[in-house]
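Let me begin by presenting the structure, written as structure tokens, before commenting on it.
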């Protein structure tokens, strides 16, 4: 038996962690003794490296510790690097926004329990895994699936009807149709399964219970139509022949999914008017296509070329190939349904009936086109028309008041800037139908980068922040406009969103400082901080260099907002004092004097309150004393009456008692 040492040093418990002696082996190949077991508590993601380490230890006597161990170490390094780089990192939330929004709402689902606990937890784990395959109808994956299922539905609606009418189309591309038909059938079956795994909202929560999902879908009309659309009517091919695609007309019953895709796309798209027009055009083209196919089928049943109304005889080479057949029928259908006319008049009664029906459909199509397109164009131009009406009203007023041409040109340029930069939308009017919570969240998301730079909002309470954001009013200033002048009473504070402002001298030319996007001014003057050397007046002239987009918060709006948040008001005032102290604009003597005045006023108020309490206490004490006296008097009267009643009872008992009989 041979025992291996590491560098001539006997292994000990202290160094077993670094050097694991290999097991001793007999000549016959059997283990003489087993190596001491070492603890192996490894995570699931370390299984690979642990197995490689074990192989390295077993392979050490034959190959040495150098080469293979370096390979194992390299594999471990690569694995750690891959896990570190490919692990998805959650985006860090913005703390400023989280103070308002609060923690993220976790996904909550409803399910029916059976009231029985699983002994080993396997049933519960299986159900949880099964619930992972429930699609949220408001999610992106569900929308993508609607697109997938809409394609075979549209394929069947267009080509299945055409193949049933144009026999050449069916025969010439039979293999292609066979593949597409059964591919669409596969998608239909998959859609039926997905519908069984599509969640729905119950009391505002997404239901993922399989039984509820199944019952919710099976008891609907759509389930019956979906099942009817996948009935294997292709078996009729064995009776009527393979070139009879009309036996698959039940596939047209799956139309609801295509309409659902169109509805969701109209909601999701950023260009709803364009999509509505495209959708309307698609419907009209499908109707014209169907009408062309029906015209060809009627011509086939009557006979090609038997009169001037039907399709010409297909024996004529000019009209005997597939492309000419379809284009001719599509042309005839378009002329008829658009009521343009100029088509051969009908000859037979059935031809007259079909043309009358087509004319009625054409009138409805024309009315639909005019109505929908007119409505869409009106909606698209509504904003422009409203804005133009405002400009016309201002122009009329300036002409009536004989405003100078320079001022009129300035006003027109201001309106032009608003329209060019898409600043004509009234945010309050657009968002008025949303609840206050959503309006505030949208405002914070839109104006977050600007609000974060306002110093007095840094430690602002979330509720007050909501109130202030909703009260911000956008204002646009033209080049050369004064936002405020030195000595003016400050009634608003301003936050610069876009543009450049200059702090200028009284001459309006000399510039002292330049304010850019994110800067704010006037926030101290609206807080009425006592001891401020600035008071509530502006100390500088601020002028717009170009067109500037600002947010305005009035003093009245701020005071109205902080009325319900007295603690937040104190925080704002304290932060304002800190800013004034840093800038040397706080008069401490005046602050101390104001504090003394405040203390004196509070003492006087306290004395007044104490006097009021004393008066109320004296009145209550007098009422209590009077009530006690009345109570005592009533008790005395009751005692007197009780004594009198007792004496009367005693006397009556003595008179009515009979004398004892005398014994004779």
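Keep in mind that glycine also has a Cβ here, set from the backbone N, Cα and C atoms.
Remember, predicted model here, so these are calculated numbers, not experimental data.
Annotated in Swiss-Prot:
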- 1-10: compositional bias 'Polar residues' (COMPBIAS)
- 272-380: region 'Ion conduction pathway' (REGION)
- 366: site 'Central gate' (SITE)
- 370: site 'Central gate' (SITE)
- 147-168: transmembrane segment (TRANSMEM)
- 179-199: transmembrane segment (TRANSMEM)
- 225-243: transmembrane segment (TRANSMEM)
- 249-267: transmembrane segment (TRANSMEM)
- 275-298: transmembrane segment (TRANSMEM)
- 322-356: transmembrane segment (TRANSMEM)
- 357-381: transmembrane segment (TRANSMEM)
For the recorded sites 366, 370, the one whose C-beta sees the most other C-beta atoms within 10 angstroms: 366
Same-chain residue ranges lying at least 6 outside the transmembrane segment (147-168) that approach it to Cβ under 8 Å: 177, 180, 183-184, 187-188, 191, 243-246, 248-249, 251-252, 254-255, 257-258, 261-262, 286, 289-290, 293-294, 296-297, 300, 321-322, 325-326
Per DSSP, three-state class assigned to residue 366 (site 'Central gate'): helix
PLDDT averaged over the residues of the region 'Ion conduction pathway' (272-380): 89
